[in-house]
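First comes the structure, then the notes that go with it.
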Amino acid sequence: MVSDIEQHSVSSANKVGQFSGESETGGVKEPLLAKGNHEFENFSVVSAILPFLFPAFGGLLYGYDIGATSSATISIQSATLSGISWYNLSSVEVGLITSGSLYGALIGSILAFNVADFLGRRRELILSSTFYLIGALVTSLAPNFAVLVIGRLLYGIGIGLAMHAAPMYIAETAPSQIRGQLISLKEFFIVLGMLVGYIVGSLLVETVAGWRYMYGVSIPLSLIMGIGMWWLPASPRWILLRAKQGKGNFQSLRENAITCLCRLRGQNISDSAPKQVDEILSELSHVREEQEAKIAEMFQGKCLKALIIGVGLVLFQQITGQPSVLYYAATIFRSAGFSAASDATKVSILLGLLKLIMTGVAVLVVDRLGRRPMLLGGVSGMVISLFLLGSYYTYLDNIPAVAVVALLLYVGCYQLSFGPIGWLMISEIFPLRTRGRGLSIAVLVNFGANALVTFAFSPLKELLGDGILFFIFGVIAVLSLVFIFFIVPETKGLTLEEIEAKLL
């Protein structure tokens, strides 16, 4: 049984001197921070759960929408089971239902760029839960197609805000030694939401007006998220940033940050909380009053380096074919003789289970292995699987086992690398003062690239053929390996302040 209060000191601390205040460059030890020594943080395991859980509901609702929509589009087009008179939808209209939340997420990402630092992480997540709630209500009760699309857009805005604020809130409130696990666990919640969506969809797809119930399941989940975020305190790091910018009484904001930190880590750290808050303030000494991040500043110095790392990761996350490979899942399983694969929902549940298991593995090992080894190993597996798929569709089409192995390898390796680590890195890498805007740009690129790959996939498939398309994805994956090897740093075990001071 895990005790409520644990003093976490990494057992391998002697092996990771670079994470306890020093690194070696050419045999010369350099301090990570001006003060030069970083102690691992004390925290209560119980008190660390809720600051992760309620933001992670934003990811759960995102994943659930992906899973449920795959069955909802079947239900809504049924003449006998849709329960509506406007069931005869064109392919464009079905596409709007499917991608409506994606368009909304793009809008939410743009909105986050402008309001994130003003609202703060907590209030942005409350706003996200509000959009989730309104979007789910409008969608599930929609009297016609136009209102349905509006509901999908509103829900998507909630996705954009949640995918922006949740990683930041978790990163800024989590103890450094379990930060990687908690942010990766958010990806686990996304995959869990997808799996729940697939299962709920399969259970309700033959129910009259089942699509309304599918979307309606999001209503209580969004209420739980909103109430939970209302109860949680604000991010102490965001409060201290506002204090340094002169956005209130400095001493009052400092005391508020100490109180919030005690709530987040447990009252047993009350003696050390003032020291931790002062250490964060010392790292913000470069921030001047009324100084907020300007757009031009995002493309200079440390911010530019962080932007290259963050945007590069989320871009490669999408353009290595992740949305497209799953398109072939049902076809590949049918070709291998799995009759159940004729039911696309069953294939989706099978792959959802695999994604969930592999994401769980990533959560368990990310803070032990580190970000770079998982990215390099996982993406290497993706490269192999993509070239195998290209080979299968080009000249190995009589060996369907190759395609099945390649598909499962791709899904597993993606969930060990780009899936969780991409979101983890973008939540860690940006300096505090520009984190809100930097992360909003990264999230915007993520959803934009997703939309681009989704829309370009069919024309490219017709123009080039299946095999060539997978070979192209494989080459892009090789380029992503080069990018990771030369550009992406290791952040395991470092506080957010150490990442900014040493790696940028």
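Positions of Cβ are set from backbone N, Cα and C atoms, glycine also.
Remember, TrEMBL labels are computer predictions, not curated facts.
The region 'Disordered' feature in TrEMBL is assigned to 1-24.
For 8-23, the entry in TrEMBL reads compositional bias 'Polar residues'.
According to TrEMBL, the feature transmembrane segment maps to 43-64 (among others).
Per-residue confidence over the domain 'Major facilitator superfamily (MFS) profile' (51-492) averages out at a pLDDT of 88. The feature domain 'Major facilitator superfamily (MFS) profile' is assigned by TrEMBL to 51-492.
Residues annotated as transmembrane segment in TrEMBL: 94-113 (among others).
TrEMBL lists 125-147 (among others) with the feature transmembrane segment.
Per TrEMBL, the feature transmembrane segment maps to 153-171 (among others). Residues of the same chain lying 6 or more positions beyond the ends of the transmembrane segment (153-171) and with a Cβ under 8 Å from any Cβ of it are 51-52, 55-56, 58-59, 61-62, 65, 100-112, 116, 121-122, 124-125, 127-132, 134-136, 138-139, 179, 182-183, 186, 218, 222, 235, 423-424, 426-428, 435-436, 439-440, 443, 446-447, 496.
Marked as transmembrane segment by TrEMBL: 183-201 (among others).
Under the heading transmembrane segment, TrEMBL lists 213-232 (among others).
Remote same-chain residues near the transmembrane segment (306-329) are listed as 298-299, 341, 344, 347-348, 351, 379, 382, 386, 389, 403, 407, 410-411, 414, 418-419, 421-422, 425-426, 429-431, 434, 438-439, 441-443, 445-446, 449-450, 452-454, 457, 466, 469-470, 473, 476-477, 479-480, 483-484, 487-489, 504 (criterion: CB distance under 8 Å, separation of at least six residues from the stretch ends). According to TrEMBL, the transmembrane segment annotation covers 306-329 (among others).
For the transmembrane segment (349-367), same-chain residues at least 6 beyond its ends with a Cβ under 8 Å from one of its own Cβ atoms are 67, 177-181, 184-185, 187-188, 191-192, 194-195, 198-199, 202, 326, 329, 333, 374, 408, 411-412, 415-417, 419-421, 424, 492-493. The transmembrane segment feature in TrEMBL is assigned to 349-367 (among others).
Residues or ranges marked as transmembrane segment by TrEMBL: 374-395 (among others).
TrEMBL lists 401-426 (among others) with the feature transmembrane segment.
Residues or ranges marked as transmembrane segment in TrEMBL: 438-457 (among others). Tertiary proximity for the transmembrane segment (438-457) is limited to same-chain residues at least six positions away from its ends with a CB under 8 Å from its CB atoms, namely 99, 102-103, 105-106, 109-110, 112-113, 116, 160, 163-164, 167-168, 298, 303, 306-307, 310-311, 313-315, 317-319, 321-324, 327, 422, 426-427, 430-431, 469.
Taking Cβ pairs closer than 8 Å, the transmembrane segment (469-488) reaches residues 308-309, 312-313, 316, 319-321, 324-325, 371-372, 375-376, 379-380, 382-383, 386-387, 389-390, 393-394, 425, 457, 460-461 in its own chain, all 6 or more past its ends. What TrEMBL records for 469-488 (among others) is transmembrane segment.
In summary, the transmembrane segment (125-147) does not lie against the transmembrane segment (374-395): fewer than three C-beta pairs, each 6 or more positions apart in sequence, are under 8 Å. When each of 94-113, 183-201, 213-232 is checked for Cβ pairs under 8 Å to the transmembrane segment (401-426), 183-201 comes out on top.
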